[in-house]
């Protein structure tokens, strides 16, 4: 299978090379097209106010735009015959409605879906096992071969410690973090602000955050034009391929 790999962490992401090696080891042709620098939290941002440029960096193509721009150039110029787009693996999970729709990783996958190419966004909690990550992504690729009809993209989140479950998400957590506004004063006497906050300790059952943080499961989310979409067959197949002891799909 010919696969475009992109991300929102740029060409120096520690998870990019292992992912590419893993996909190539099982016979896939991989074309890497990524933003030239980290573009986390870019969502579906696109570039319209300046020219886009592509250059080679080793074996990768790098783009001076957002993750969605990288996918657009990949599918329109560099690899128009790609059969699948994998966005990630993101360094850090994308859980909850804000992270899902604000994520450049997920945004890139949605861009591929809008262009008619099946796509998978993959994110892993910091400290996760790279070998397990590759196993999950390879399982997702095999599951996608059966088709992803009715969805623009599938978003998969991999916990740092897996307790054996795969959960198909039907509801996103509304607020994963207790964000607040922090105010400071710079050396010139001008005010500045940071938005930040700790993760919540409790989540509503049956949300992606509950399955991820409490059940420590791999979560599978289908995204369509109308929001959350069913990916039950995909989730069941993925669970089978990675040896899950519980599949809730």
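Every residue gets a Cβ built from N, Cα and C, even glycine.
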Same divalent metal cation site per Swiss-Prot - residue from 28, 64, 90 joining 8, 9, 40: 90
Reduced DSSP assignment, residue 90 (divalent metal cation binding site): strand
Cβ-centroid neighbours of divalent metal cation site 8, 9, 40, 90, 8 Å, sequence order: 7, 10, 13, 38, 39, 67, 88, 91, 92, 103, 104, 105
Candidate with the highest Cβ count within 10 Å, taken from the binding-site residues 8, 9: 8
